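Have a look at the structure below, then the notes.
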């Protein structure tokens, strides 16, 4: 049986109209089950709190962290991600952006719809398990025209167990998750929840670091990742361990074909197992965009 407990956002957040409090279902895994936390093997029930510790540590410097791990290219990748989806082209959508606490993807979705299709009815529910990340996103949106409008709302929730009373079955037109799914304890559980909340015919879209297939590029990328990024974490944020975990978590994530199969196993239809089919590689596979359609 799953244990349910009430989670409250920080006082400053919970007082804002666009922040919603709700229950999050949490359950500990079966006794003895383990998962990866970077290159470490940890009890399954421990990973969530370990990942929370990482993102509590890096929340205020999240953009800096992504700049360090991608040489700043993550901004271009996020632009490409949203441009590929063309939100607003077929009219207003109800979107859910998961692991989206800082609002990077949600802001791009709303801007794309407004700037390209004069759409001011697009809505995005931003979901993150980490209250500190949501706080960063809320502060970012306070500087935009979308603040205190029905177009955006923030929710503290677990991607693996979205509360069914709030995140209803067949209720969203687009589900996005960028650079977040690899940090979840159970990727299949996240995909299953994505399938549940999407409408039939709706799109699942994931932007994530992936596998570099070119041997020379792979070697150079590994050298940069394991030497430069943790060092930058120490210099820029005073936190080597969190940055070391983030590098290791990238290497532990499934290959493009394996992740595409996981998406299909959740019930989605995808393209074929090749670049330009089930996924689109960015910069030689350092990151990839995966999409699936609920059937």
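Placement of Cβ uses the backbone N, Cα and C atoms for every residue, glycine included.
Database features (TrEMBL):
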- 102, 128, 158, 159: S-adenosyl-L-methionine binding site (BINDING)
Top of the binding-site residues 102, 158 by count of other CB atoms within 10 A is 102
Among 102, 128, 158, 159, which the record lists as binding S-adenosyl-L-methionine, how far apart in Å are the two most distant Cα atoms?
16
